[in-house]
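Peer 1: Mind looking over this structure? Questions follow.
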Amino acid sequence: MDKLNKITVPASQKLRQLQKMVHDIKNNEGGIMNKIKKLKVKAPPSVPRRDYASESPADEEEQWSDDFDSDYENPDEHSDSEMYVMPAEENADDSYEPPPVEQETRPVHPALPFARGEYIDNRSSQRHSPPFSKTLPSKPSWPSEKARLTSTLPALTALQKPQVPPKPKGLLEDEADYVVPVEDNDENYIHPTESSSPPPEKAPMVNRSTKPNSSTPASPPGTASGRNSGAWETKSPPPAAPSPLPRAGKKPTTPLKTTPVASQQNASSVCEEKPIPAERHRGSSHRQEAVQSPVFPPAQKQIHQKPIPLPRFTEGGNPTVDGPLPSFSSNSTISEQEAGVLCKPWYAGACDRKSAEEALHRSNKDGSFLIRKSSGHDSKQPYTLVVFFNKRVYNIPVRFIEATKQYALGRKKNGEEYFGSVAEIIRNHQHSPLVLIDSQNNTKDSTRLKYAVKVS
């Protein structure tokens, strides 16, 4: 029984504890549900209470109904009318009345006195009426001043015109127009015109004298000594007269006489060649250049003509037959010199394939070789390297690359070596082995170039 009591007592206590827990849970659940219900009821009106506190709670419930839009229209209209009506009435009277008054005072036209350069204090009393009446004469006042300036200018020109008449001695009357702007330069030009006035007078005299004197070349020392003296003076100061003698006068060998006699002989020599240019020498210096100019082209043509026949005749024999032969030989020698092949013991020249192979078979040594010209005479493949190895003869083409002016062995391939001359190819493969490919048997061999063979 004691055991049963011990077992039943805790069981009853546990039941009581469970009942309390259930009771507490129910109470708690009831409180939570009430709180949730309260939140659901109070949540919507909480917002309008803060924004619209003046309205009653009954109105707040109505605001969330279908008439919600109508409730917001009324406060907006009242607020707009109250906000914009008051400042418009008060500010309109204060802000917009003074500006028109200031604008009326501004058109007093204060700019007119400033345009004249006068001060406002001097014309303070005459602000309104006089400026309008005086602006009209101010406009014609400007042309009046210009007219005065123009009137002064002709007066100056009239004063300067008497200075001009001594100047036209130089036969230039148009310079009077240019004298007005620059006064100092005119005075500078007066002196040279007076000193230079005698030569223009002599110039027409020389032109007139040349015509009758052309028929009488012996008259200058006797009859018209004055006129001819002027002509000699014009020729003597410029030493350019003897300059054409070495150019056109290469044939005659008599320029070593005295100066007056040489000048006479020069004139006579020119007259003997062409009588017309003799008069031109006396008339103007520009015509002398025109006379000398045709003398030069034949001299230049002779220079070009001389080297052309020289190589043809020096060769001797028939020029037509012997001419082209040295041209081919010269071209071949130039190409051979560039390739570094000329006068080499391993160079066979224009040797055909059969004779080259026979010479190598006769040597019967591995590594024997020679260089011959290709049988096709192709500029891209000018030479052929012939090598003997293992009782076989290999003909390897030597290509010439025109773009870089270099040489290469065999067909074009990637990673091939380029050389500046054929001699460099031979020197390279005398130290490093050369790969020999047999296209028939698909075999590869290598050997160095050891023995140079000559074709007998």
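Yeah, the Cβs are placed from backbone N, Cα and C, and that goes for glycine too.
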Peer 1: Which residue, chosen from Y84, Y347, Y383, is annotated phosphotyrosine in Swiss-Prot?
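Peer 2: Going through Y84, Y347, Y383 one by one, Swiss-Prot annotates Y84 as phosphotyrosine.
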Peer 1: For the feature phosphotyrosine in Swiss-Prot, which residue out of Y178, Y394, Y451 does the record point to?
Peer 2: Y178
Peer 1: Which of the listed positions, Y52, Y96, does Swiss-Prot note as phosphotyrosine?
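Peer 2: Out of Y52, Y96, Swiss-Prot attaches the phosphotyrosine annotation to Y96.
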Peer 1: Looking at Swiss-Prot, which of Y72, Y119 is flagged as phosphotyrosine?
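Peer 2: Swiss-Prot annotates phosphotyrosine at Y72; the rest carry no such entry.
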